[in-house]
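The structure appears right after this line, and notes come after that.
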Amino acid sequence: MPRQLFVTTALPYANGHFHIGHIMEYIQADIWVRFQRMQGHAVHFVGADDAHGAPIMIAAEKAGKTPQQFVADIAAGRKPYLDGFHIAFDNWHSTDGPENHQLAQDTYRALRRNGLIFTREIEQFFDPVKAMFLPDRYIKGECPKCGAKDQYGDSCEVCGAVYAPTELKNPYSTLTGATPVMKTSEHHFFQLSSPRCLDFLKDWTHGSAPISGQPRLQAEVLNKIKEWFATDEQGHGGLADWDISRDAPYFGIEIPDAPGKYFYVWLDAPIGYLASLKNYFDKQGLDFEAFMADPKTEQVHFIGKDITYFHTLFWPAMLHFSGRRTPDHVFVHGFITVSGEKMSKSRGTGISPLRYLEIGMNAEWLRYYIAAKLNGRVEDVDFNPDDFVARVNSDLVGKYINIASRAAGFLSKRFDGRLTAELPAESRTLLEGLQAARDDIARLYEDREYAKALREAMALADRVNEYVDANKPWELAKQAGQDARLQQVCSTCIEAFRLLTIYLKPVLPALAAQVEGFLKVEPMRFADAGRLLGAHAISEYKHLMQRVDPKLLDALFEPPAEPSPQTSPAAAGAGAVPGGEALAPTITIDDFTKIDLRLAQIVDAALVEGSTKLLRLSLDVGEGRHRTVFSGIQSAFKPADVIGKFTVVVANLAPRKMKFGLSEGMVLAASHADEKTHPGLYLLEPTPGAVPGLRVR
């Protein structure tokens, strides 16, 4: 029975261009959407720009534009990326559209009627010059623990201390430099801690989608959610109520009946999924409310692991208690790395999607490579340049494309491009084997196990190439009286090539369209693998795909950033300050030997709930136990990035009681004093062969 699907990807924040992580997610979702359409299902695939919030308002002001114009300019640059990588959204909208304003306010009113909205007074820093309340990211000052300057309003990146913004010494607004003052403000909260919400979410997160029968969430996601639900013996932890309001001036959607109050961007952003679909339906003359109320509709979201909390807790609770359908599935993926490392422009490991296209690299090389690394689990995808070249050249060109190129020419020259339906038993056995794989490959696409689907397709291609090598059409073409046999062998190859193209079409849509033209067939669906072409005429073969020139990879990776005048060798000779700050006063060797620096291996790492700066690290320092250290490196490293790495720790620093637990040391990292001009945070890592516990002397 045909399905009707509503599919989205996470909304990109409208303050910059797409990065490679966006493109990876769009490719993952686009493959799934194309597969569903090849199965005969109706799919509405929509996206939008996340257009609200203080960062956009401030960036627009600096650019001399209104927020609306700033967002519109960003949106105007989306098309080259989407078209270039064959991402087939049905609609692209903005969370600042009228549909989102209406839907967000309607959702709020429904939650308020349901008794899940309350208000309370909170204290915040206020910039008297800008006349606005300051989020933590716009407040800096001296750390109350170690005295380090220019630290953010919630934690110190030097000593790792966590504190309230009110504890900062000499605080200042990063917007104006003014000293902020404390002001109270009434804020609106969504009562996520309500027993009603908790009971619903426990059922929803553990449940299965009514139509597919599959779990709504992946096992890894469900395990993480269980951690968020957990409370200690004193009842601490668990889900907290959610502050959904911000004070004017703010670029966003006004809260009904609350002058000067706006929805926090994370309330209206996911509602943007619905708004984009409504915008599309209105343009198509379709009934949005009827579609969303239809029990046959399936709602599916593709997101990155960093926004799991919002999409698996806030979002379904908001929908359920405002009377709307909840998602059938939230599919979570990992991040993308380069050669096992987090991408970094300064280290020459950043991939610009637009540069990829501009230097002439085939978009479907990347689609294939990413698909060959993706599965249904929450795992990172690693882009390795050498592996990229080998997979594309060996699999796509060497195994798949070559099947057609080895057979089509003989059919055109000797048989006027006509295939024969009279195939011997050997050919029928080969083709029946390819046809029998259809359901398995379809199941793998459905489960987002793209890597397995492509491995199975390439294993089939290997069997076809073995058939070609065994029957040697190039030799048959030279032998008298072998025309019928030559036509059979070449027809078998083209039939097999067509079946493989069906299986690869969700990943390679542009190439598949070329193949459909070459084969003179209508757009192919998965069901078409159940039949053969038979006595059918094809067009003359034209080369379908070039091999990757490894030199293109050198051009792809952005070179390290050019040194600024302040840090260039010439400037250094003129007395530049190294690292942006003067050297500390001279100490004696006796002073230095008081510090016990040891090599440590990071055996585990996790985010610290309630902090945007800290990671909780578990360190092996060679003591026979693991130490816990809170380190302010979250801005540069995800937990998965650092697990297994060696680094340097101050081992004899007195344990420090912090809000989140006891920190037993300090991990050393390097950064420039002027982080705006010179962003980056770098762990100190020893050369290979090091073991935990070695002393740094």
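Note: Cβ is positioned from N, Cα and C throughout, glycine not excepted.
Since this is a predicted model, take the numbers as computed values, not measurements.
Taken from Swiss-Prot, the feature motif ''HIGH' region' applies to 12-22. Residue counts of the motif ''HIGH' region' (12-22) by helix, strand and coil are 3 helix, 1 strand, 7 coil (DSSP-based).
Annotation source Swiss-Prot lists Zn(2+) binding site at C143, C146, C156, C159, citing sequence analysis.
The motif ''KMSKS' region' annotation in Swiss-Prot covers 342-346.
What Swiss-Prot lists as ATP binding site is K345, and the listing cites sequence analysis.
Feature annotation from Swiss-Prot assigns region 'Disordered' to 557-577.
Swiss-Prot lists 591-697 with the feature domain 'tRNA-binding', giving sequence analysis as the kind of evidence.
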Report task. Please work out the number of neighbouring Cβ atoms within 10 Å of the Cβ of C146 (Zn(2+) binding site), leaving out its own Cβ. Result -> 13
**Report entry** For the motif ''HIGH' region' (12-22), sequence-distant contacts whose Cβ falls under 8 Å of one of its Cβ atoms, 6 or more beyond its ends
**Finding:** 49-51, 53, 55-56, 59, 70-71, 74-75, 77-78, 81, 94, 304, 335-336, 343, 351-354, 383
Query - Least surrounded among the binding-site residues, given as C143, C156, C159, when other CB atoms within 10 Å are counted - result: C159
Query raised in the report: Counting by DSSP, what is the helix, strand and coil composition of the domain 'tRNA-binding' (591-697)?
Result: 7 helix, 41 strand, 59 coil
